[in-house]
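Have a look at the structure below, then the notes.
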Amino acid sequence: MVQLVGPLRKELADSLSTCKVLVVGAGGIGCELLKNLVLTGFKNIEVIDLDTIDVSNLNRQFLFQKKHVGKSKAQVAKESALQFCPTANITAYHDSIMNPDYNVEFFRQFVLVMNALDNRAARNHVNRMCLAADIPLIESGTAGYLGQVTVIKKGMTECYECQPKPTQKTFPGCTIRNTPSEPIHCIVWAKYLFNQLFGEEDADQEVSPDTADPEAAWNPEDATARATASEKDGDVKRVSTKEWARSTGYDPVKLFNKLFKDDIMYLLTMDKLWKKRKAPTPLDWLQLENTACPQDEAPGSGLKDQQVLSVWGLCQMFQHSVETLRSQLQEKGEGAELVWDKDDPPAMDFVTSAANLRMHIFSMNMKSRFDVKSMAGNIIPAIATTNAVIAGLIVLEGLKILSGEIESCRTIFLNKCPNLRKKLLVPCILDPPSANCYVCVSKPEVTVKLNVHKTMVLSLQDRILKERFGMVAPDVQIEDGKGTILISSEEGETDANNNKFLSDFGIRNGSRLQVDDFLQDYTLLVNVLHTEELERDVEFEVVGEAPDKAPPPQTNQEEVNSITNGNKDSAQPSTSSKAAPADDDDDIMIVDSDEEEMAASSSAAAATSGTKRKHSDAETGETSTKRPRTDQSSAAAADNDDDDDIIALD
């Protein structure tokens, strides 16, 4: 007879009490997950999160209370979880998982890693570290009523980066408020600002500088002190943006100087933010007015909505839109609120002008009103119930792994409405690794199309290798027969190269670069394809993973090409058909029937039947092609879910 300890087999219960697991993220999903883990019987847990607790977290991250505002999420989550199970051994890290201290050896001490993250860069990094350490990873994400959980195992399943991801649609609050780097960050900020001034105020949509940004204060005590400066008990009192605006009579000039001068000057005092970023440049209304030229006010050629206005032209648009919206509020009476609508001209003018002025401040290329309108999609709120369901599914998949039944793991989707079989939870069989993945194949290789005469070494490092390919500390060697070091991860070693063009180092059409990230135990071969025909504002394009346009290497590369990412003696790709997808949580796959028992005996031909719908990207207006769905029912052709599949990362 099988011995049970509670609902679990004795062998599994014993395994839970001795195994060591890592939880990455202690936010919406992370809080629920920690509680589930200790109540299930896990005794050795380590949790890491860089963030500090904000007032807006308290409505769904139930391990936190008002008195905890400004403190480390990881530390407080640990203390709260221990109240459920005082005998558990929990270690908390208030730090970034991308810190070099958390290397491959750190990951190898765990039998299982569970992600509860809110950004793609960290997800990519943890994916690579788990591949290198050959540790199973459970990935998860939620968006409103939608959610998903998937399992990633080297050699058996797709990794997180096997499938292309659509543009991320939600972003950490500190990015929106302090360090925007893309136009969409500024557009989201401007929409938040509209609600703070004219609509329904939401603590999740604060626009003022985030004084508790952990990146600005790496010392946890500093972050806590800043966030709790007004009240020792953590009850942070803030002056309402709307109340302040009313006190000025919604004066456009005062609003402008507060948002685009005073707040920016305050951001500049957070000097740690600008050590590796270009600092923003404040704007002053009077100065702009005095230096404005008559042509700044003259309309340009072409359609009005497709013109990119001058800075002073945007100032005038901002002034006029604020005055119009102020009048609309007054007409509605005391306590009235406006609702942002992209088809309402004054509201659209306000977001266009505010977003573009912020883009200019942070040295980005500004956008036309048409472009801003097409990118301004809906923001989906986080829902505590969805987090709870997904956290429970993470533990269930973890129990399968610890029972030695990884082949029975599934990708599980939580839908907003029941499908045709009346199911909200839809399991899908795991997919094998993609042969075209530039991360988990044995010899990753890509071709990048760029202009070698205009692309600087610093742009190659930051924009291509770090942002596009998710590296943390890349080293780059030119395969020119000399072993020329183009970029070194050692601080200061190749700084002199940063502002030189690639062509200055003899890089031309067909050149090959070997890129190594020793922290991630990751090697990538980059083929350079020179072109002078890139579209405007496009720095580079990724052409493919195994191109035939690049010439063969000039030197013997047998040793280089034998490099396999991760441990050289770790598991190689298997032929198992039981493999896991790594869909991004902003790339939820809507399927129409659950997999049921037939998945175990289905043929390969049947597994390819049916394709997923293309969903429109609400931010960009574009559609993204997603991988074929894995359910085998051709009868179920459409889900009851709507197309609002924007995924907000909690």
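Cβ atoms are placed via backbone N, Cα and C, with glycine included.
Automatic prediction, not curation, is the source of TrEMBL annotations.
What TrEMBL annotates here:
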- 25-30, ASP49, 57-60, LYS73, 96-97, 118-123: ATP binding site (BINDING)
- LYS165: SUMO1 cross-link (CROSSLNK)
- LYS191: SUMO cross-link (CROSSLNK)
- 203-241: region 'Disordered' (REGION)
- LYS237: SUMO1 cross-link (CROSSLNK)
- LYS258: SUMO cross-link (CROSSLNK)
- LYS416: SUMO1 cross-link (CROSSLNK)
- 545-643: domain 'SUMO-activating enzyme subunit 2 C-terminal' (DOMAIN)
- 545-650: region 'Disordered' (REGION)
- LYS626: SUMO cross-link (CROSSLNK)
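Taking a C-beta cut-off of under 8 angstroms and a sequence separation of 6 or more, GLY25 (ATP binding site) has the following same-chain neighbours: ILE48, ASP49, ASN115, ALA116, LEU117, ASP118. It is 12 Å from the Cα atom of ASN119 (ATP binding site) to that of LYS165 (SUMO1 cross-link). If you measure from the Cα atom of GLY28 (ATP binding site) to that of LYS416 (SUMO1 cross-link), you get 18 Å. Geometry remark: SER96 (ATP binding site) versus LYS165 (SUMO1 cross-link), CA distance 23 Å.
In this structure, the C-alpha atom of LYS191 (SUMO cross-link) lies 17 angstrom from that of LYS258 (SUMO cross-link). When the C-alpha distances from ALA122 (ATP binding site) to the recorded sites LYS165, LYS258, LYS416 are tabulated, the minimum falls on LYS165. Closest to LYS165 (SUMO1 cross-link) by Cα-Cα distance, out of the recorded positions ASN59, LYS258, LYS416, is LYS416. Among the binding-site residues ASN59, SER96, the residue whose Cβ has the fewest other Cβ atoms within 10 Å is ASN59. Most other Cβ atoms within 10 A: among the recorded sites LYS191, LYS416, that distinction falls to LYS191. Looking only at other Cβ atoms within 10 Å, the busiest spot among the recorded positions ASP49, ALA122, LYS258 turns out to be ASP49.
Each residue contributes its Cα atom, and for LYS258 (SUMO cross-link) and ASN59 (ATP binding site) these two points are 29 Å apart.
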